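Q: Have a look at this one.
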Amino acid sequence: MVKHQPLQVYERQLCLSCITGIYGCRWKRYQRSHDDTTKWELLWSLILLLTFCLLLVWFYFWWEAHNDYSEFNWFLYNRSGEWSDGTVPILATTAAGFTYIAFLIVLALCHVALGQQLNLHWLHKIGVTVALLTTIIGVISVNQTWAQEWDVIPISLQATGPFLHIGALAAVTALSWIVAGQVTRAEKMMFQVVVVLLYVSVLLALYMVPLHITSPCIMDPATLKPRPNVIGHQGAPMLAPENTLWSFQRALQMNVTGLEADVAISMDGVPFLMRDLTLRRTTDVEKVFPDRQMDEASLFNWTDLQQLNAGRWFLKDDPFWTVHTLFQHEKERIANQTVCSLEQLLKLASYHNSTVVFRLRRPPPKHPCYDSWINDTLQAVRQSGVPQSLVMWTPDENRTQVRQLAPDLIQTSVVKRSHQILQQSGISSLLLRYNQVSREEIGNFSEAHINLTLYTVNEPWLYSVLWCSGVSSVSSEAPHVLLKVPYPIWLMRPNEYCLAWVSADLISFAVVIGIFIFQKGEERSWQCRGALWRQLRLLRQSGHQPVISASQDENNTTQRSRHSSLSV
């Protein structure tokens, strides 16, 4: 026998229908349920939350890694042999995946707030699985090929930590509305205790997080050291082809204090500027010498190198997406650039009284200058006429002999050593990647009067953190950006930060307590109205007609409407 129930009329709730429809494809009213969520769906909710947290870290990593996008693309080029901007597809897929997962998280929270059963549609489950697996593969790939870049996260937290803490605190405080609603409506005491304990634990942890937030920008402004000098790394490679004469001239136009270049030695002993092992990426060697395009750059003599064009590739590949900002006469000059020699660079630096630091690459074993590469480079320095006090000498080989032949060179190490060893070796300058030193080590080098230069610094936030840390100079591919930073992006006294931290915690605590009290009172009010409605219904069924006030009648109408909209 089939039991038929009388038809029931429900109010149309467009917002609720959209939420349940998008999340679980439950568009019809009778498909909604107020039953407890199944354990299987709870598991998928946890997977969704895990995916969101992992994607949040992944998205933050690539957002802050913007400082090293060119380094990442160069790594890809060395592996594949083809130049392309590999950050574009990564950023596009990361942004799309994060937006999608964040949207599902918001829908899940709406379900919880409205008391609806969580029932993620199978298409969304596939999407969540794809997002999770893709992110895990990406993390593993970065860890294997670019592991040093993970250091950007703790370094960036020195600049963003205080603000991320305020944002996280605001988000968790807002969640108290949902948590309080679940606790007040729950019938099991154990469930209430577990939810409250978990929420309070997270909240207290956030309250105490500032105890572990350290930033050099939390300091007395009176102790701020002078602005770090900016050295043009390969000139101004975002505005001109790297390691060309025009690139260094553009950097000098921006009043940089130094120039940095990569040096190789030709077959006939001429030091020239080239970062890559081959000439394929930055010259037209495939047109001029098609049979030798895969040969190492140091296997060409200087006469052959002068026949190559070193500028057209920049206009074609647009590695930094800046070609559209150049004037026509600049493009014409770029198109006529050739391979630059070390002597040309030193003469230019001497004319502008600018410091030069170069990384010298030793030629292969069968090269004619394999044994004389140090002497060939010293000869180029002497022929240029540049004052030795403007040249930072980096090779460790034969450093004692170099000091005897050219005593005024600035002895520079590219290997991290303690300041005691550097002083004993007669080294007065240090060139390191920005993630290789801590704030304490920067202070030790400064006290030992060792000039510390960190590379490659392109973003204002990183420049500000290093400025507050006391770094004396930085090497940058974007000197036109850093030289527009007149002061650290933010600077806060310790007592000001402590006041902001305590105030935010107190406001959050007051809001959470107020929300819990309000939710408890609201739930009791609904319970009283429900009891009154049940009493009135019993009286009507018994044949009595109670006399009620206008306010009671309005409450009854509201309760009836709420009851009809939630019943199935």
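Every residue gets a Cβ built from N, Cα and C, even glycine.
A TrEMBL annotation is a machine prediction, not a hand-curated record.
Just lifted these from TrEMBL, have a look:
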TRANSMEM  42-63  transmembrane segment
TRANSMEM  90-114  transmembrane segment
TRANSMEM  126-147  transmembrane segment
TRANSMEM  159-179  transmembrane segment
TRANSMEM  191-209  transmembrane segment
DOMAIN    228-486  domain 'GP-PDE'
TRANSMEM  499-518  transmembrane segment
REGION    549-568  region 'Disordered'
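For the listed features, I'd like the structural context: burial, neighbours, distances.
A: Long-range Cβ contacts of the transmembrane segment (159-179) within its own chain (Cβ-Cβ under 8 Å, at least 6 residues beyond either end) map to 64, 109, 112-113, 195-196, 199, 202-203, 206-207, 209-210, 213, 215, 217-218, 461-462, 464-465, 489-490, 492, 497, 500-501, 504-505, 508, 511-512, 515-516, 519.
Mean pLDDT for the domain 'GP-PDE' (228-486) in this predicted model: 94.
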Q: Could you pull out which residues elsewhere in the chain have a CB under 8 Å from any CB of the transmembrane segment (499-518), counting only those six or more residues past its ends?
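A: Distant contacts of the transmembrane segment (499-518): 162, 165-166, 169-170, 172-173, 176-177, 180, 183, 203, 207, 210, 492.
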Q: Which range out of 42-63, 126-147, 191-209 gives the transmembrane segment (90-114) the most CB pairs under 8 Å?
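A: So the stretch in question is 42-63.
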Q: Who are the chain neighbours of the transmembrane segment (42-63) in space, where the CB to CB distance is under 8 Å and they lie at least 6 residues beyond its ends?
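A: Here the qualifying positions are 87, 90-91, 94-95, 97-98, 101-102, 104-105, 108, 118, 120, 125, 128-129, 131-132, 135-136, 138-139, 142, 149-150, 152-153, 156.
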